[in-house]
Amino acid sequence: MFVKSTNIFEVEHKVTREQRWARNGHKAAVVWFTGLSASGKSTLAIRLEQRLFDLGHQVYVLDGDNMRRKLCADLGFSAHDREENIRRIGEVAALFAESGQIVISAFISPYRADRALARRAVGDNFHEIYLSADVEICARRDPKGLYAKARKGEIDNLTGVSAPYEVPKTPDLTIDTGTLSVDESLDILVDYVMRNMALSGD
Ligand code: ADP
């Protein structure tokens with residue numbers, strides 16, 4: 001990305017990421033959920049955060065609606081604005097992960113290129129988790145009433161209905177949230193995190 005400022009100098013941290021991991025007792029990472037609206041991102045993010053917190057982990061959820069009201073309040077839902085939204089979130093997630101947290105991000109993030117950008121911002125410890133649920137199932141659940149609004153013509157760029165969703169080609173994990181229960185999905189996630197964020201020798 002083009003950087004406007006000149007004469008910028010990065011600070012050199014004396015605390016290494018491995019030192020942060022050792023203190024926390026686990027690696028830091030970004031657990032990046034992607035999936036349609038109503039596929040279960042917020043539900044599973046909040047449940048996973050609680051479960052990991054109870055296990056003593058450093059964990060924090062970045063949620064779509066929160067980010068859009070603040071850091072990304074100037075952005076809408078055009079392809080360009082969605083890209084910029086995910087770019088900013090990727091950078092925020094990378095910073096949180098640098099600080100030692102397990103970051104759970106819950107954004108539709110419909111475009112492959114944007115998810116790849118977030119992965120690049122974060123580096124090795126980026127885990128793309130595809131929450132796979134058919135649009136028909138999501139539309140039936142419709143906890144935010146978005147699919148109903150789209151049917152009435154009140155929203156014209158709903159992902160999976162009138163805006164594209166690019167299914168991940170090689171996600172790190174896929175969970176069939178269309179057929180599994182919340183608890184079953186959560187168990188798969190907790191197991192995944194425990195295996196992938198353990199320090200070697202644990
Ligand atoms: P999103 O954040 O992806 O828009 P939400 O978490 O807000 O989705 O809504 C998902 C809805 O689907 C909730 O009402 C939740 O109870 C329900 N649900 C049913 N099965 C699952 C599952 N396996 N995982 C997550 N949510 C599920």
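Each residue's number is its place along the chain shown, starting with 1.
Heads up, the Cβ atoms here are built off N, Cα and C, so glycines get one too.
In the three-state DSSP classification, Ser109 (active site, phosphoserine intermediate) falls within coil. Over all protein chains present, the Cβ of Ser109 (active site, phosphoserine intermediate) has 27 other Cβ atoms lying within 10 Å. The active site, phosphoserine intermediate annotation in TrEMBL covers Ser109.
For Gly40 (ATP binding site), the count of additional Cβ atoms within 10 Å of its Cβ stands at 25 [all protein chains shown]. According to TrEMBL, the feature ATP binding site maps to Gly35, Leu36, Ser37, Ala38, Ser39, Gly40, Lys41, Ser42.
The annotation domain 'APS kinase' is assigned in TrEMBL to 28-176.
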Quiz prompt | Neighbourhood of ligand 1 - recorded positions from Leu36, Ser39, Ser42, Ser109 with Cβ under 6 Å | solution = Ser39, Ser42
Self-check item: Chain-mates of Gly35, Leu36, Ser37, Ala38, Ser39, Gly40, Lys41, Ser42 with C-beta within 8 Å of site centroid, ATP
Solution: Phe33, Ile108, Leu131, Ala133, Cys138, Thr177
Quiz item: Which has the fewest other Cβ atoms within 10 Å: Ser37, Ser39, Ser42, the binding-site residues listed?
Solution: Ser42
Quiz item: Taking every residue in the domain 'APS kinase' (28-176), what is their average pLDDT?
Solution: 94
Quiz item: What is the three-state DSSP composition of the domain 'APS kinase' (28-176), stated as helix, strand and coil residue counts?
Solution: 64 helix, 27 strand, 58 coil
